[in-house]
Every structure is written in structure tokens, then in C-alpha cells.
Amino acid sequence: MNLKQMVGIEAAKYVEDGMIVGLGTGSTAKFMVDEIGRRVKEEGLSIVGVTTSKETEKQALALGIPLKSIDEVPYVDLTIDGADEISADFQGIKGGGAALLFEKIVATYSKKCIWIVDKSKMVDDLGAFPLPVEVVPYGSRQLVHLFEEKGYHPTLRLNAAGETLITDGGHHIIDLHLEKITDPEALGSYLDNLVGVVEHGLFLNMVSMVIVGYEDGPKTLHVPAR
């Protein structure tokens, strides 16, 4: 069992009968969704899933997990998702899988969020992983120029075919290569106020628990209340 599978299975233990569960996206979240699907089938676990991408929706439906959209539920009890980086003070960068907008919407309306990662994702400071910024296609080149002038080293994300990537929401992604983010809240606020920016991959003050995979087993970190 690899570290991603280990934390995915561990996180699925927190899912209880009757819950509305946000199902994350990505290589680690995939194992969590598989385990929830197994529990639905083998244990009779009764939940409703809310997916964060078309990719996860397809996986969950194939596993027989009942689904509703975020607009069909009053709230989400628990969201479990991966992360690309988690800092020492439990702030995160997400969006390497291009699902950041829907992931952030589901997380925002969740009572509790668990992030599942292998040990390599735990860092002192955010920024070594490129920061995704989801933008409206119209005017996106202007934002690239703006970010270049700011010294953010932007790149427009491409898909496997080498064409401009289109997100599930119909947007583009500009990745910012920042190396180190000294003030995530200030940067997040700046990006929030830019015309044409739909969302960014800074997930600040959102997570309740982090499950980290190590060779000797998963370690659960409880995030202090903010």
C-alpha cells in the first residue's frame, strides 16, 4: 500500500451514516473515494456525496455512491480532499489537478475539512509548488502580462495535448511560480480583487484536520481553532 492509498483509506473512516460528504479530486482523493465506495457496497454505508470535479463524479457514480450537487444540499458535513502543499501553520495550496474552484466552493460550505497528503506535501512555507489562479479566458493574456510585471513568473497551463487547459467551469489557469509566499493572506486578498480572476489556489483557514502518510503509518494532525 502506498502513502496516498494509506491516507485515503484512513480518512474514509471519518465518514459516518447519514453524512453529506464532499469528495475531493486528485490522485490521493481517488483512493478515499474508492474506500467510501467499498464501504457503501460492503458495509451498507448510507451517505450523499458532493463531487468537486467531473472526474470525481464519474468515479463516484461507477462505485454506486449516491450524489447531489452543491446546490441540492443545505450544507456539507465533511469534505475530504488532497493538497499540493501545506505550510507549518496549516495553510494550503491546491489546484494542481485544475479543480480548485469547485473544491473551494465545496470546502467553503463544509462544516469540517480533512486534507490527505503524503509527507512530501508538508512544508515550512508555501510557494515551491506553483500557485494556480483560475481566470476568465477573455483578458487572460492581460493578466499574464500583469503577473509578469509583478515578478510572479506566470505560465498559462496546458493540457496533455499541449493546448490551453479548460477547467470544468470553462476557465483557464495561470500558474504563478513564486518560490516562497511570505504573506499568503495578503497575496490571496490581492488576487481576489483582480478583475478577471475567478479564484486562486490559496486555501486559507479552511482545514480542520490533516492526515499525513509516513512509511510507518498515517499521522493525524488536528488544526487549532482559529
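The backbone N, Cα and C atoms fix where each Cβ goes, glycine too.
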Listed alongside Thr25, Gly26, Ser27, Thr28, Asp81, Gly82, Ala83, Asp84, Lys94, Gly95, Gly96, Gly97 for substrate in Swiss-Prot, from Lys54, Lys121, Lys150, is Lys121
Among Thr25, Gly26, Ser27, Thr28, Asp81, Gly82, Ala83, Asp84, Lys94, Gly95, Gly96, Gly97, Lys121, which the record lists as binding substrate, the farthest-apart pair of C-alpha atoms sits at a distance in angstrom of 16
Listed in sequence order, the residues of the same chain lying six or more positions from Asp81 (substrate binding site) whose CB sits under 8 Å from its CB are Gly22, Gly24, Thr25, Gly26, Ala29, Thr52, Lys94, Glu103, Ala107, Cys113, Ile114, Trp115, Ile116
Other C-beta atoms within 10 angstroms of the C-beta of Ser27 (substrate binding site) total 14
